[in-house]
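What TrEMBL records for this protein:
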type: BINDING; residues: G102, A103, F134, D219, E220, V221, Q222, T276; note: pyridoxal 5'-phosphate binding site
type: BINDING; residues: R137; note: N(2)-acetyl-L-ornithine binding site
type: MOD_RES; residues: K248; note: N6-(pyridoxal phosphate)lysine
Amino acid sequence: MEFSQYNVNSLMYITPRPEIVFTEGSGMWLTDNNGKRYLDYLQGWAVNCLGHSPAVISDALIAQSKKLLNPSPAFYNAPMVELATLLTQNSCFDRVFFTNSGAEANEGAIKLARKWGQLNKNGAFEIITFDHGFHGRTLATMSASGKPGWDKLFAPQVSGFPKADLNDIASVEKLISDKTVAVMLEPIQGEGGVIPANREFMHELRALTKKHGILLIVDEVQSGMGRTGELFAYQLSGITPDIMTLAKGIGGGVPLGALLSTEAVACFVPGDQGGTYNGAPLMTAVGIAVLKELTKPGFLNSVKEKAQYLSDELNKLSEEFGLQGERGEGLLRALKLGSNIGAEIVEVARNMEPVGLLLNSPRPDLLRFMPALNVTKEELDLMLSMLRTVLKQVKNK
Ligand SMILES: *Cc1c(COP(=O)(O)O)cnc(C)c1O
């Protein structure tokens with residue numbers, strides 16, 4: 001169908017979108033309304049950890065949809081219990097609350113920390129977050145985010161989120177007072193431009209929060225579920241946080257998130273937290289299928305190997321074109337372009353013929369790569385050779 005035949009103006013305008021409509025996806029590939037194929041390095045924004053429409057997810061959806069869709073959150077259901085058990089067995093956490101999105105998981109984390117502060121810290125409620133951090137688009141999670149300009153958008157903000165600088169422990173310590181209940185961060189700032197919190201900083205943060213008797217919350221909505229080559233990014237530094245949030249990868253493409261905490265922190269009582277779809281079996285059945293794939297022997301090792309390869313090859317490209325190198329953890333990586341050519345590269349790559357390449361530029365001078373975790377070496381090589389072609393065109397103008 002022609003693009004002009006789609007009535008796209010019936011949608012609210014929230015972002016500029018290219019004039020194509022995606023109709024099918026398989027693995028690392030998407031197909032649009034004209035039948036053109038694209039190699040996809042966005043993957044639903046680091047969501048499709050097993051690629052587009054993997055069989056394990058469609059099988060789980062079909063099987064569960066025939067059994068039970070939603071008995072209501074007032075009752076247990078089997079997939080909800082099984083996924084919570086798998087998550088606690090594979091992490092340092094003891095309790096799980098399921099959500100429909102990352103923002104909702106983070107809202108839950110903020111509520112849980114404030115509740116814990118009421119019970120244990122004399123009503124302390126401030127949560128120290130970070131400049132350039134991103135935690136979602138609800139009012140509280142926008143307030144917790146450190147995106148430039150967001151402090152004025154939809155004012156007044158939810159108060160109680162003083163901002164520190166990532167990888168600068170003194171900037172955190174300076175903000176701690178008797179009102180502080182927690183520090184919350186992304187182990188790798190994703191939307192901020194793929195900026196990892198370094199190992200030393202994670203250790204310092206854990207020691208500092210312990211010293212002051214406050215909570216450490218990791219937002220692993222983007223960095224969790226195998227993205228870094230560990231199941232969770234906090235494991236890279238060997239520390240154990242008090243609260244973790246997940247979304248994106250855990251659903252492999254369907255809306256599913258989770259709030260996890262240690263037993264000591266799981267202080268909600270009936271009435272504090274809930275939601276109509278929380279833990280609904282259709283989505284948690286998918287979460288089980290995803291987690292089982294990621295924890296198969298060798299899977300995370302293969303993520304590490306491919307990450308090393310991608311990192312090496314991006315560094316070669318960087319040298320070839322006089323760029324500024326690359327950074328990241330696992331298969332969440334960024335190429336530092338050294339000039340504001342990100343948007344142009346994204347455009348030229350998408351418009352390549354006969355197949356396009358989908359890339360993301362979270363900052364004007366940066367490209368972000370978030371392939372499926374089961375991307376093949378051939379699909380990495382194809383992306384790199386297409387990117388080389390694009391860079392030649394954009395840099396030699
Ligand atoms: C995407 C993201 C969120 C928000 O998740 P939604 O599912 O879009 O609400 C929160 N935190 C981080 C780190 C993210 O990358």
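Positions of Cβ are set from backbone N, Cα and C atoms, glycine also.
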Most distant Cα pair in Å, residues G102, A103, F134, D219, E220, V221, Q222, T276 binding pyridoxal 5'-phosphate: 25
Recorded positions listed as R137, K248, least Cβ neighbours within 10 Å: R137
Reduced DSSP assignment, D219 (pyridoxal 5'-phosphate binding site): strand
Using Cα positions only, nearest of the binding-site residues to R137 (N(2)-acetyl-L-ornithine binding site) (G102, A103, E220, V221): A103
Cα-to-Cα gap, E220 (pyridoxal 5'-phosphate binding site) vs the residue listed as 'N6-(pyridoxal phosphate)lysine', nearest whole Å: 9
Binding-site residues (A103, V221), the one with most neighbouring Cβ atoms at 10 Å: V221
Whole-number Å value for how far K248 (N6-(pyridoxal phosphate)lysine) lies from G102 (pyridoxal 5'-phosphate binding site) (Cα to Cα): 7
Integer Å distance between the CA atoms belonging to K248 (N6-(pyridoxal phosphate)lysine) and F134 (pyridoxal 5'-phosphate binding site): 14
Cβ neighbour count (within 10 Å, all chains shown) around D219 (pyridoxal 5'-phosphate binding site): 32
Rounded inter-Cα distance in Å - D219 (pyridoxal 5'-phosphate binding site), the residue listed as 'N6-(pyridoxal phosphate)lysine': 11
Among Q222, T276, the one of these binding-site residues whose Cβ has the fewest neighbouring Cβ atoms within 10 Å: T276
